[in-house]
Amino acid sequence: MTQEREPLLQNGGAGNATAAKGSPALLPSLARSVLKFLMWLVFLSWATGIFLYPTKPAQAAFSEWAALTKQSIFGVTGTVFLVFSAPILIVAALAYVYICAFPRDHVEKKKLRSLSFRLWTFPLLVDGPFGVVSAVEFIGIVLFIVYVVFSMTYYVVESVSLVSKSDLPPNISSEKILGKIGARFGSVGLFCMIFLFLPVSRGSVLLRLIDIPFEHATRYHVWLGHLTMSLFTLHGLCYLIKWFLEGRLLKQIIQWKEIGVAHLAGVISLVAGLLMWATSLHPVRKRFFELFFYTHQLYVVFIVFLVLHVGDFIFSIAAGAVFLFMLDRFLRFWQSRAKVDIVSADCRPCGTVELVFSKPASLRYSALSFIFVQVRELSFLQWHPFSVSSSPMDGRYHMSILIKVLGKWTDKLKSIITDVEENKTRSDTDQSHTGRITASIEGPYGHESPYHLMYENLILVAGGIGISPFLAILSDIIHRIEQGMPCAPKNVLVLWSVKKSTELSLLSAVDAQSISSSVSEKLHLDIQAFVTQESEPPLEEGIVECDQKIPSIFVKNGAAMSGLVGTGDNFWAAMYFAASTLGSVLAYALVQVYYVKRFNVYAWWQLGLLLLLCMAAGVALPGGLVVLLWHLSEKWRVQDDRWDTDASTVKDSAEGEQTTNGAADADTALATSVAALRTTRYGCRPKFQAEFMAFAERSGGAAADVGVLVCGPPGLQASVARECRSQNLCRGGGKSSVVFHFNSHSFDL
């Protein structure tokens, strides 16, 4: 019988026993250390090479190496790719080996005390243009600023010195300097573009390796997007001013050289980038989300015309990062083609929609996961992220989300569901209404490590619909304690701020509706709700708890969601990466031998286009074949699981009746509902300092480790982060700590 793998957290008892005996754990530990060392060595060597590339020694060494490899099959393009793009692909290959050989199968308590973990979770900056910034993020920001300033300063000084040595008139010298500085802005922007595409690959193995969830990586993409587009804009402005001073602005703009850069292609690429940049600014994105979303699809135009602009060997600087993005995008496209069955679609009285999707039993996710949802009746292009509100322990075959009605997209979705009652009155059966919602899913994505299971003392701070991922966390913790599975939390405090008391009924979405007496002895759960826009309880407060729903829509027009993306099978993901990479290299080698050299193709833009097409062919053909086999294996696994489930249903039900009729009934009689543990305060907001200090004292005082997770708007995140930083500074980094995590994807829509 096929057994379901427990999502992201396995019982580490057997592994720990083996480790305690000694020698069997020595070899895996050594292999893990060697892999980590190799990845760090390749990455640091690559980053150091990029940083030092503007210097004369680095330029001389690169030129010498390029001269030696010029006569190879791949020529100078291969040399540039090997230096600047291959290292990141090597790290990705080693990362696949690492996650396949050493999956995160248990929670390491010592991780809470490690320096790297503290640097990632300590909120160093709270108020500022970057929002809440951890110590590691601050170091990264500083390093990028230092790199840009160092590179441009070095280039400017070198350009001025070089031009000043030539006997040229002052006006011509200034134009030469302007052109050289413009070229340097473009080259530095191209190096920054390497990092621009890495965080936007949602299922990237690199993000999984260092455990950066996509909602955090999106912030890095935004920061790098501002930096990259600023550099490219300065690059274009320098040349426009230079051509204007020379009196040949229009002629240069429309020029398309065979040897050298194609100016018109660069102008088109820059215009596409500027449109994406302008519409992605927060005021525009907040008010005109659809404009931002559709304009951002111009990234295809941006990349293609950038390749036509600079040619093959210059584009090879950023080709590795673009290739990883293409891998992720093709895999997401394949997954998102499938329609997913909707087990139920409910509209709650508080204005929140609950969707429950069908999933295969083998699909792994954590309580901190989120998915992207597309509803084709609303839009064929729009994908919106939502936190998963169900625990992986709630059921093997379903996953649910809660959606707050905030804009046009969500309002239309609500209308489809609420109209079902009227439509049912016109028909004798419900079958005519089952196809009204056609949903597709991308994901699930999220943390590799289940942070909510690592702390004995846990504080969950939510604002409005931000309670959604915490409902999954509560359900996960309760189920694990009931089943005797590894679960660290013993004290959990929920601080939840809502505008209206009707939103409090969302607590009924917790799958574990009641807490048995055995769970109550091991878990102290305190839910503090704050209703900010009501000064006193409403008269119908007693009715709120029942949270009556409009009859559900059941939609069966597809299948269970696919596991190709997110936390999919590591082995198949590695095979997809290997096949696509080798296929792209082979395709480029064949093109060089049988087309470029045979027909003497020399135009930069043509060679660049051929490189991009070979990358796409490697992903679509050999990579697509692996994805097809992966998809078929998923279908066979689901089919086998269905047979196993049908065969064991009678046996499991009989055993369940025999083992649960006695003690379980008695325990259920003493159960307490989750909603009954809620204390509601009206007309006020939580005072985090007092709440945190009181919780710490109840949880063990100065020796307590406290994990704080917050999901809500930026203001709430900043307030909680400020208090976490204050608590850590007051304790002086002693035996205890307050660790901060935040999720923001619930508020993207």
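Including glycine, each Cβ sits where the backbone N, Cα and C put it.
If you look up TrEMBL, you'll see 329-451 marked as domain 'FAD-binding FR-type'. Positions annotated as transmembrane segment by TrEMBL: 34-53, 73-103, 138-157, 177-200, 220-241, 261-278, 298-327, 571-591, 603-632.
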Original post:
Along the domain 'FAD-binding FR-type' (329-451), what average pLDDT does this model show?
Top reply: 80
**OP:** Would you mind listing the long-range same-chain contacts of the transmembrane segment (73-103), meaning Cβ under 8 Å and 6+ residues beyond its ends?
**Re:** 28, 31-32, 35-36, 38-39, 42-43, 45-46, 49-50, 62, 65-66, 191, 194, 198, 205-206, 208-209, 312-314, 316-321, 323-324, 570-571, 573-574, 577-578, 581, 588-589, 592-593, 607, 611
**OP:** Sort out for me which stretch, of 138-157, 177-200, 603-632, has the most Cβ pairs below 8 angstroms to the transmembrane segment (220-241).
**Re:** 177-200
Original post:
Under 8 Å, at least 3 Cβ pairs, sequence separation 6 or more: does that hold for the transmembrane segment (177-200) versus the transmembrane segment (138-157)?
Top reply: yes
Original post:
Where else in the chain does the transmembrane segment (138-157) make close Cβ contacts, counting only residues six or more beyond its ends and a cut-off under 8 Å?
Top reply: 50-51, 54-55, 119, 124-125, 130, 180-181, 184-185, 188, 192, 220, 223-224, 227, 231
